């Protein structure tokens, strides 16, 4: 059955196709004979209770100089036989939330939305990991700079980060004796107005921050370890980390087994777990990445696994 695959993403002209997971999904959908539709940025709306989008027919190809072609934009009304790939990057700001609310109406009209709009609203990527405390390192989330400071001092070293960042932005490592600790906490909490996450520093970060992908609740057999370079402690590829594929360890599979069933139950078809050493640190649900790197290193087709699940869901 041929489907209409509607992609909501950041501007397609600015992506780097060698690393872009959304591009891998589009290639796979096109290979299967599905029709691709690109939503104009800001192009979701509600008309008299119906979810609609300004879309253009899209074709994609493995060409770094010219990787897509768009047709003319028209209005599409969401309904059955459609799959919506919600792939906008964080921050999960008010406009992002509004888009998920439009997509919830699309879902009620019969479109299949990946990932589930309600789940995208419910799961902050930093806080969602704490729903599985058996998997996590010691963590404190607070607006209280004094409480956060006490946590850092109690553990010797900690990582401090905002709840709305991505790609390693505004993440600090601090500890006992750091003269900048107070100002870091003042900045992150915005003087006590913003929740900030403090997590015990995990020395295993030197071996990489592992990205484990879940497809329909099941882990891909390989993860991408994002290894910090030089004197950097952040492994994020966006922060200069080097990606190295590895088979999942027994502990990785245990963590995936703790998280996967709940993600599947909530309609989170494609999820990225961040694991450092033996600990889950984040659950990424908005636009997880690393598919292209893992596909290239191990001859995988992870987007194929996703579309197997999508097509099975559409057939039900």
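Each Cβ is built from the backbone N, Cα and C atoms, and glycine gets one as well.
Remember, predicted model here, so these are calculated numbers, not experimental data.
Among the features that Swiss-Prot reports, domain 'ATP-grasp' is placed at 124-311, with the record citing sequence analysis.
The ATP binding site annotation in Swiss-Prot covers 151-208 and is backed by sequence analysis. Secondary structure from DSSP puts residue 191 (ATP binding site) in coil. In sequence order, no residues are near residue 191 (ATP binding site), counting only same-chain partners six or more apart with C-beta under 8 A.
Annotation for residue 282 (Mg(2+) binding site): same-chain Cβ neighbours under 8 Å, separated by at least 6 residues, are 125, 126, 128, 129, 273, 274. Annotation comment: Swiss-Prot describes 282, 284 as Mg(2+) binding site, evidence class sequence analysis.
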Requested in this report: Work out how many Å separate residue 207 (ATP binding site) and residue 284 (Mg(2+) binding site) at their Cα atoms, rounded off.
Outcome: 20
Report task. Could you tally the C-beta atoms, other than its own, that fall within 10 angstroms of the C-beta of residue 284 (Mg(2+) binding site)? Result -> 23
Report task. In three-state terms from DSSP, label residue 159 (ATP binding site) for me. Result -> strand
Requested in this report: Looking only at C-alpha atoms, tell me how far residue 151 (ATP binding site) is from residue 284 (Mg(2+) binding site), rounded to the nearest Å.
Outcome: 25
Query raised in the report: Just how many other Cβ atoms lie inside 10 Å of the Cβ on residue 199 (ATP binding site)?
Result: 24
